[in-house]
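What TrEMBL lists as ATP binding site is LYS66. The domain 'Protein kinase' annotation in TrEMBL covers 37-316. Here TrEMBL flags 238-467 as domain 'SET'. For 692-727, the entry in TrEMBL reads region 'Disordered'.
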Amino acid sequence: MSSPDAAPASDNGTLAKELSALVESTNFDDKICLEDFTLIRVIGKGSFGKVTLVRKKNNSKVFAMKILTKSHLLKRKQVEHTKTERRVLSVASHPFIVGLHYAFQTEAKLYFVLDYCPGGELFFHLSRMGKFDEEMARFYAAELVVALEHLHSLGVVYRDLKPENILLDEMGHIKLADFGLAKDEVTEIDSGATSLCGTPEYLAPEVLARKGHGTAVDWWGLGMVLYEMLTAPAFDACGVRVAQDPVKGKVVYSERTFQPGQVIFSEKAFVAAPWSTDLCGGCEELRSAAATAASNPSIDPRHRCHCERTGASKIMYSSRLQDNVGRRNVVVGIMKTIDGIEEVDRARCILKCLAMYERDAHALDEVLGLTCTGQQRVMNAALQLRRQLPDIFPAGFTDQQMAMLIGVLNTNSHELENLGGSGLFLSACRMEHNCMPNCSFTTFDSTLWMTAIRPIAPGNALSIDYGNFFYRPTPERQESLLESYGFVCTCEACVSLPDPTRAARCLSGNCPQGVMLPCPVRTNAASTSIQPNQLQFEWRCQTCGKVADTAEHSRILAVEQELLENGFPESLDEVDAVVRRGVLHERHYLLFWALDNIGCEAAATTAFQAEAQMAEHRRALAQIWERIIVYMNVVVPTAHHEKTIYYDNLAQVQVVLGDLGAASQAFARAFEISCLVSGADCSPTRKLQRLMEKPPQTAEELRQLYAAEAQHRRRPASEADDEDMEE
């Protein structure tokens, strides 16, 4: 019995003839055939065939070859759709529409040779990043408008606009693809087509109503795509739930599966502020290029602040401070001298929150319910504020509320590196801490997005590393968490697993490659009640199982204490000398951070210099970054943001050494990791992609890319380094 979807046998001959006719007018070269191309790899698969990356042998140009199996087209009644696609591609010639270069056939298959778009689907980037900023969304939407207008001018309605059908070329411009559902000879906005077709979640109302439709359905589709680009899954709609745990308090649980690199949710900062004082007083953005050209020539000459772009300032503060920038700067200057506040961005965030409270007395309810530590310190700060700046307190706002606000901001704010400031994200505050987290958060401007870095199954608790403790020993992690957040971590890494950061050599004498790690020893106390000073460890070899005796235990601790008291090694030779003593393993955290210090100090003095005598120092610097990366990959096997930094550091050194191949490989590795921890479409990831594809060629080019980056983002190191506030 034939399949219900199969074409009647009597029609197969006619359909086969129609298939043959598809390519007659499109074959640019009568002799073109499959042998004219080198097949590189498969880049996509579908119901009717596959898409392969190919290179034309006579000119080395790269294309995407769409291969359609004729029998599948016949069986699934896709001949008419294929004919429509061929017709549209033959008449559409536009930079934002994928181009058809060749078409040919064999007895069993059809071949369409199309533009290759190495940027992949817009859907991929959107799912990784969660959402785009307004500038990026506007850019893509504008190009889609131009592409759709071109199709409409040809009498073609597209009817299947969605992120999966929007490709990106090598320059990041769009290419509209897949015209199987398009219809030609449609010139009216509301009539000309009647079929119910398209992707369900993008269908226009008139298509669903089956009353006839025209080109207007494409503008509905554009609106749907634009909405998707601008609105990532919010915390409350991303497939997670918040539950109350009797011990941990609020815990976020996943209700669906997430894969590494997948954006779980994104959110705008509840409040954010920069720390720079060299900003426009009306919007707290970098002053326009014209105003700052003399003092900061690195600013893009096209740059304009919000006030210049819109002609209006941002409403950020209370009426008493919003328009009186001079008074505002005086207030911020006083606040940053108070113990417990101390920073310009913290002072600004406090003032912005007070303005919210003035407008709505319930605006801070959720904020004031968050965890905070150092309560006596922040209460002292609140009382000092009341004495020195009583006019900033809104009516009814108590000293206790002020102390809680300061404490919450101190405890929960995240640094916003590219913005040059800090911000508070309420949804991220709901995530629990884990020293081996399954999520990583990334910030850009005032937006945070949460990305899975491990596979997450339904029912798993979502977690992040509060203190970025990726290469810190268990006792240090626990003490820091207790001091900063007021709790003792009882995650598996702290109370059950060996600590890989305190690796020592096996001292058995017959296990030369063995590595001893301190393993938590179970006590009678419940894990939830363990205090940092109550944790007990035994050093156990991970190869032979030997447990260090009291003397060996003391020997390991003595070498650790010696390094802590006398200072870290200050050169690669000194690090190697410690390792040769045969007690600490090369991956021990004290030696890791010694290498990190050596590398950072050396990079600051040698990275951009081109003198020949520095070559040996740079080779040593490359060796340092390579060692650190090797150790990181053992101790922190999952994707981690710090790995992108170390690979980036290595790549920079390789550029200066002239090894551009190694530099490109290091940039590629940094890009790969950044895709997993931050998403493929965030600005840092895209920058790494550009560096991977076209690394700097000289030390001077490298210096221009890195040395002058965003001076306003550097937090002043001391009071003396901060500029006077300007009106």
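Cβ from N, Cα, C; glycine included.
Remember, TrEMBL labels are computer predictions, not curated facts.
Note that this is a predicted model, so its numbers are computed, not measured.
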Which same-chain residues, if any, lie at least 6 apart from LYS66 (ATP binding site) yet have Cβ under 8 Å of it: GLY49, VAL51, TYR111, PHE112, VAL113, LEU114
Structural state of LYS66 (ATP binding site), classified by DSSP into three states: strand
Overall pLDDT for the domain 'SET' (238-467), taken as the rounded mean: 87
